[in-house]
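Under the heading domain 'Potassium channel', TrEMBL lists 95-156, 192-268. Per TrEMBL, N-linked glycosylation site is recorded for N95. The transmembrane segment annotation in TrEMBL covers 21-44, 135-157, 178-203, 215-232, 244-264.
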Amino acid sequence: MLPSLASNSCVRLIQTHKSTWYFLSLILGYALYLVFGAVVFSSIELPYEDILRQDLRTIKKQFLQENECLSEERLERFLEKAMDASNYGVSILNNASTNWNWDFTSALFFASTVLSTTGYGHTAPLSNAGKAFCIIYSVIGIPFTLLFLTAVVQRIMVFSTRRPIMYFHRRWSMSKPLVAIVHASVLATLAVCFFFLIPAAMFSAVEENWNFLESFYFCFISLTTIGLGDYVPGEATHQKFRELYKVAVTVYLILGLIVMLVVLETFCELQQLKQLRKMFYLKKEKPQDHLSILEHDYLSFSTVSNRTTAYSEGKIQSFVSVPTPLSSHNDDPMIE
């Protein structure tokens with residue numbers, strides 16, 4: 001008897017707090033996904049890091065043996081200075097000294113990466129004034145960018161998603177959820193072709209040291225605003241038409257980000273995904289519940305007020321009483 005009661009109470013507890021259990025399972029699944037990613041990245045990349053470290057130690061040891069007049073401490077200080085400059089986008093190599101990081105086109109590219117929160121990290125402000133301006137510029141510019149992207153995506157969604165879906169739904173009497181799924185799939189395919197595959201082929205042709213996989217990797221990292229900064233276009237030695245190339249890449253990143261947001265918004269409007277999201281949300285109180293509560297309170301107040309009024313009137317009538325023959329005209333024989 002007791003086990004059955006306990007099981008019934010557990011079932012009722014789970015059913016009444018279903019969204020909470022779904023949310024806890026979502027947290028657990030996300031944590032496991034993070035751990036899974038860490039395990040896979042560590043198992044893949046750790047051996048390559050070890051090989052690179054060994055190669056650097058070998059080269060450093062060989063260099064010190066060939067140059068006995070140079071101490072290891074002086075070499076360490078030199079390498080530290082070179083690495084600090086490289087972190088700010090300044091290279092000590094002769095073949096990279098022709099590319100400036102803060103000419104107009106490079107600064108325009110940097111501003112676009114800051115406002116879109118991509119942030120490649122290959123270039124950073126050097127001066128304190130530049131760092132302070134970057135903070136103020138970002139505080140104002142990032143919300144401004146979100147407002148701009150929201151307005152643009154909302155207008156594009158009307159012509160790219162809502163009207164085509166309603167057209168096929170009304171013209172061909174097709175199921176609206178089915179039309180929405182097919183439309184989202186077609187839109188995602190076009191976005192992948194025109195903003196991932198074709199640009200990746202173009203980048204692999206323009207950039208001498210990039211293959212197709214590396215170019216596709218750059219497109220994906222950029223348009224998803226991850227921005228690792230290990231691949232940045234226009235940084236090759238003696239890049240042809242570098243200024244025009246930087247401007248073209250800036251326009252590509254802005255348009256690609258808009259297209260990505262349109263595709264994501266299209267998928268978010270699918271009925272299946274809406275139902276999936278509702279599983280993890282807290283249930284809102286319905287307006288009808290508020291109205292019923294207000295009506296109940298109003299009725300209760302009205303009832304009490306009517307009773308009070310009737311009670312008061314009864315008291316007044318008890319003090320001012322009129323004889324029955326005079327108060328009732330129907331009983332008067334003259335009036336009849």
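Using N, Cα and C of the backbone, Cβ positions are placed for all residues, glycine too.
Quick caveat, the model's predicted, so the values are computed rather than measured.
Ranked by the number of CB pairs under 8 Å to the transmembrane segment (135-157), the listed stretches 21-44, 178-203, 215-232, 244-264 are led by 244-264. Mean pLDDT for the domain 'Potassium channel' (192-268) in the predicted structure: 91. In terms of DSSP secondary structure, the domain 'Potassium channel' (95-156) contains 43 helix, 0 strand, 19 coil.
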